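A.B. asks: Questions regarding the structure given below will be posed in turn.
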Amino acid sequence: MRTLLTILTVGSLAAHAPEDPSDLLQHVKFQSSNFENILTWDSGPEGTPDTVYSIEYKTYGERDWVAKKGCQRITRKSCNLTVETGNLTELYYARVTAVSAGGRSATKMTDRFSSLQHTTLKPPDVTCISKVRSIQMIVHPTPTPIRAGDGHRLTLEDIFHDLFYHLELQVNRTYQMHLGGKQREYEFFGLTPDTEFLGTIMICVPTWAKESAPYMCRVKTLPDRTWTYSFSGAFLFSMGFLVAVLCYLSYRYVTKPPAPPNSLNVQRVLTFQPLRFIQEHVLIPVFDLSGPSSLAQPVQYSQIRVSGPREPAGAPQRHSLSEITYLGQPDISILQPSNVPPPQILSPLSYAPNAAPEVGPPSYAPQVTPEAQFPFYAPQAISKVQPSSYAPQATPDSWPPSYGVCMEGSGKDSPTGTLSSPKHLRPKGQLQKEPPAGSCMLGGLSLQEVTSLAMEESQEAKSLHQPLGICTDRTSDPNVLHSGEEGTPQYLKGQLPLLSSVQIEGHPMSLPLQPPSRPCSPSDQGPSPWGLLESLVCPKDEAKSPAPETSDLEQPTELDSLFRGLALTVQWES
């Protein structure tokens with residue numbers, strides 16, 4: 001009987017004994033990282049997939065448990081209690097109840113939990129920037145789910161006031177550099193270009209003895225491309241300079257005026273060369289002032305040949321007629337018509353050329369020339385006098401200038417002529433007016449006499465048009481010319497401006513005066529104003545003048561007296 005009662009008692013006690021929770025539920029605990037609190041657990045050996053779990057929590061010191069909404073009869077094995085355990089100064093408890101499909105249940109509670117103490121720190125968020133010789137590391141702030149009283153989320157720096165960062169940089173695990181501090185930006189200097197480094201960054205909280213997991217980054221410094229940049233800059237500068245030069249050359253080529261055609265090149269077409277002195281021929285006008293003042297007075301010309309600068313032996317022959325030089329006197333008239341009826345006897349002014357040097361100054365300076373003789377005069381000894389400078393004088397009521405041309409033709413072989421009237425020849429030193437206006441005589445009146453007479457009568461003269469006369473050896477006027485000496489130049493009627501230039505050809509020679517044997521009629525159209533030649537051109541090979549006459553010799557003067565009287569300017573070209 002006693003044995004039966006013992007079996008019944010043990011069976012009833014076994015039926016009322018609690019189940020072991022380790023068979024259905026185990027490892028219930030809080031896992032907190034950066035103050036994110038997660039409750040986790042594992043199922044026991046007898047747990048099945050259809051086992052459900054329910055979670056409850058309470059603050060330390062309270063008796064009642066609070067069921068967690070959203071974590072009742074769940075099959076997952078975790079529940080987030082961050083909000084329910086967000087107070088950093090409180091301690092919390094949590095428990096899990098597991099119920100199997102067979103009706104078995106098990107409950108297990110966590111240990112006391114403090115977020116400040118039990119939370120762990122995650123690795124920081126860092127940005128590594130590689131440079132040529134340095135590596136820069138920027139630590140970003142780590143946010144937490146904890147909210148402040150105003151609702152904004154706190155960071156680790158806000159929660160742990162003694163938090164600081166520890167940085168380490170190493171190369172091949174041999175060379176290490178360390179930096180630390182509370183700032184968020186760090187940079188390692190003095191690194192080798194094009195080298196790989198391993199960086200490690202950790203968060204340290206000394207008060208709670210916490211260290212975060214290290215953040216690791218592999219960074220390679222940049223290669224040194226300074227020479228590449230220098231070369232590129234030099235290349236770009238060279239290309240820019242080349243483009244600028246090409247643009248400038250293109251602009252110059254486009255804006256350059258086109259070259260004139262050869263047909264417009266006058267220097268190739270013309271054969272004469274201006275301002276080149278060769279042998280000089282001068283026509284000295286002789287006036288007859290005895291005629292009525294209302295008629296223009298005829299002009300006769302005495303030809304003078306003056307030798308130019310000597311050329312060295314063997315020098316090439318210069319161009320004869322085409323190479324000329326003009327000595328201008330455009331504004332000063334030498335002779336003007338006069339109404340003074342009585343003839344005036346002027347003291348003769350002699351012309352004395354002297355030897356001249358080869359080259360003269362640009363403006364006229366009288367030079368010493370070889371001795372010369374006037375026509376119709378006996379040779380005389382020439383006195384050497386210092387040349388005087390020429391100063392042109394302007395006269396009132398100046399006439400328009402005129403000129404004369406002596407041209408070479410076939411007149412050397414033509415019959416010579418004589419003056420149509422004997423009054424063409426007169427004693428030296430006498431100047432008479434001739435009534436006829438159509439005759440032109442060559443006589444013994446020197447150029448200085450004519451100049452003196454013109455200067456005295458300049459106040460009484462009227463402004464009249466000057467007649468132009470042309471002296472030529474090519475043709476002759478049968479109405480004007482008569483037979484005379486052979487080789488004398490012939491004179492054609494025409495109108496020329498005043499004498500303003502002298503042509504000098506190459507060979508030096510004496511200065512005899514050659515009287516023309518044929519009269520020159522200025523015009524056939526009635527009275528015309530008389531004037532003085534201003535320009536003269538003669539060839540160098542003109543026939544030499546006959547021997548000068550011996551009667552009534554004039555006292556010779558210097559060459560500068562002639563040009564001073566005529567107000568001419570002589571320019572020499574080397």
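Numbering starts at 1 and runs along the chain as displayed.
From the backbone N, Cα and C atoms, a Cβ is placed for every residue, glycine too.
Because the structure is a prediction, the values reported are computed rather than measured.
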A.B. asks: If you have Swiss-Prot open, could you say which of CYS217, CYS247, CYS406 makes the disulfide with CYS128?
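C.D. replies: Answer per Swiss-Prot: CYS217.
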A.B. asks: Labelled N-linked glycosylation site in Swiss-Prot - which residue from ASN80, ASN87 would that be?
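C.D. replies: The N-linked glycosylation site feature in Swiss-Prot corresponds to ASN80.
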A.B. asks: Candidates are CYS71, CYS204. Which one does Swiss-Prot pair with CYS79 through a disulfide bond?
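C.D. replies: Disulfide pairing in Swiss-Prot: CYS79 with CYS71.
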A.B. asks: Please report, as numbers and ranges, the same-chain residues at least 6 past the borders of the transmembrane segment (229-249) whose CB is under 8 Å from any CB of it.
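C.D. replies: Distal contacts: none.
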A.B. asks: Just going by other Cβ atoms within 10 Å, which of the glycosylation sites ASN80, ASN172 has the emptiest spot?
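C.D. replies: Result for the glycosylation sites ASN80, ASN172: minimum number of other Cβ atoms within 10 Å at ASN172.
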A.B. asks: Hey, how far is ASN172 (N-linked glycosylation site) from ASN80 (N-linked glycosylation site), Cα to Cα, in Å?
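C.D. replies: Their Cα atoms are separated by 42 Å.
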A.B. asks: Looking only at the topological domain 'Extracellular' (16-228), what is the model's average confidence as pLDDT?
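C.D. replies: Taking every residue in the topological domain 'Extracellular' (16-228) and averaging pLDDT yields 91.
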